Amino acid sequence: MKAPVRVAVTGAAGQISYSLLFRIAAGQMLGEDQPVILQLLEITPALGALEGVAMELDDCAFPLLAGIVQTDDPNVAFKDADYALLVGARPRGPGMERKDLLEANAAIFSVQGKAINDNASPDIKVLVVGNPANTNALIAQRNAPNINPRQFTAMTRLDHNRAMTQLAQKTGTTINDVKKMTIWGNHSSTQYPDLHHATVNGKTAIDMVDQAWYEGTYIPEVQQRGAAIIKARGASSAASAANAAIAHMRSWALGTAEGDWVSMGVYSDGSYGIAEGLIYSYPCVCKNGDWEIVQGLEVNDFSRDRMAATEQELAEERDAVSHLLP
Ligand code: NAI
């Protein structure tokens, strides 16, 4: 048996974690031969609920679960952590402006970034799920100067998965036939699901659908899927978000399939003309525990406009919290 790795999860008593933690402990994230120690962070008033979750984890008798830490102290939660899933975030309250939301989360993610910097394994892989995920990842990254910025990522895998299923359903195929999906930009309603490089059974997806459906139905449905779930379920997507977090980390740690790629919000190196340093969703290939942005994809004017619009939103979010960035 391998030595256990430490996986920190924030917002551990929340809805997403209620699905996520059990799947991590079952080995679905890092492999069925990799023991884990879960280091669970919550705010003080939620520690009681967290205790209940930890009791249920115990009651599952997971062979791979080598320990559980429960805490309201980020320095404890991130101590020697090899992986961190930052799920907990401040939701938008009544009357809260977008700027207030950004600032409230900046406060949380700057503290957590510092705690990661000071306590975690230098090789830590960080995934931010809590919204606004890309900008929260940027804030954590900026507060962790000793950690390579490439190690901070934001989740657009749920958007990626949604985009794959919508395409499979439209083309009468299954998810197994769909490859090379790309979500560009922000995990928000400006994200751009791109069918110009995606394939269905080896054929270019954009050639299999008409442009009016692509523009008028597909793109908005993928962009608005989160809102549609809330409307239908009366609660936000939790199990599918947890599933996407598992898939994001699994791809990053264990690699992507040959001939395919995934979408990840990653530190922009300027690829495709996107401003350097934004956490922007790109098509990525993962290998040996590292990711690379897929290079050399042709970008037409239609795509360029949409990639720029979502970049613009990310730049505005960054500027709204710039006074809080070190
Ligand atoms: P939830 O409200 O059920 O759980 C969030 C938990 O975080 C709560 O238990 C809360 O006490 C905790 N928390 C708040 N501040 C914290 C802090 N400073 N430190 C530690 N824990 C803290 O929410 P849910 O449904 O689990 O969603 C979590 C986040 O994930 C939300 O921000 C949501 O918008 C986001 N999300 C992101 C998706 C993506 O694709 N990137 C998809 C779905 C949700």
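The backbone N, Cα and C atoms fix where each Cβ goes, glycine too.
TrEMBL annotations: computationally assigned, not manually curated.
What TrEMBL says about this protein:
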type: DOMAIN; residues: 5-152; note: domain 'Lactate/malate dehydrogenase N-terminal'
type: BINDING; residues: GLY11, ALA12, ALA13, GLY14, GLN15, ILE16, SER17, ASN105, GLN112, VAL129, GLY130, ASN131; note: NAD(+) binding site
type: BINDING; residues: ARG92, ARG98, ASN131, ARG162; note: substrate binding site
type: DOMAIN; residues: 156-321; note: domain 'Lactate/malate dehydrogenase C-terminal'
type: ACT_SITE; residues: HIS187; note: active site, proton acceptor
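Sequence features, as recorded in TrEMBL, placed on the structure.
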residue : record                 : contacts (Cβ under 8 Å, 6+ apart)
ALA13   : NAD(+) binding site    : LEU40, GLU42, ALA46, LEU47, ALA49, LEU50, GLY52, VAL53
GLN15   : NAD(+) binding site    : ALA235, SER236, ALA238
SER17   : NAD(+) binding site    : VAL9, GLY11, LEU40, VAL53, VAL87, ALA242
ARG92   : substrate binding site : LEU101
ARG98   : substrate binding site : ALA320
GLN112  : NAD(+) binding site    : THR10, PRO74, PHE78, LEU86, ALA140, ASN143
GLY130  : NAD(+) binding site    : THR10, GLY11, LEU86, VAL87, GLY88, ALA89, ASN105, ILE108, PHE109, ASN136
ASN131  : substrate binding site : ALA89, ASN105, HIS187
ARG162  : substrate binding site : VAL222, ARG225
Which binding-site residues from the list GLN15, ARG92, ARG98, GLN112, ARG162 come close to ligand 1, meaning a Cβ under 6 Å from one of its atoms?
GLN15
Of GLY11, HIS187 (the recorded positions), the residue whose Cβ has the fewest other Cβ atoms within 10 Å:
GLY11
Among ARG92, ARG98, ASN131, ARG162, the record's substrate binders - longest CA distance, Å
25
Going by DSSP assignments with H, G and I as helix and E and B as strand, what are the residue counts for the domain 'Lactate/malate dehydrogenase N-terminal' (5-152)?
66 helix, 28 strand, 54 coil
Any idea what the model's mean pLDDT is for the domain 'Lactate/malate dehydrogenase N-terminal' (5-152)?
96
For HIS187 (active site, proton acceptor), which DSSP three-state class applies?
coil
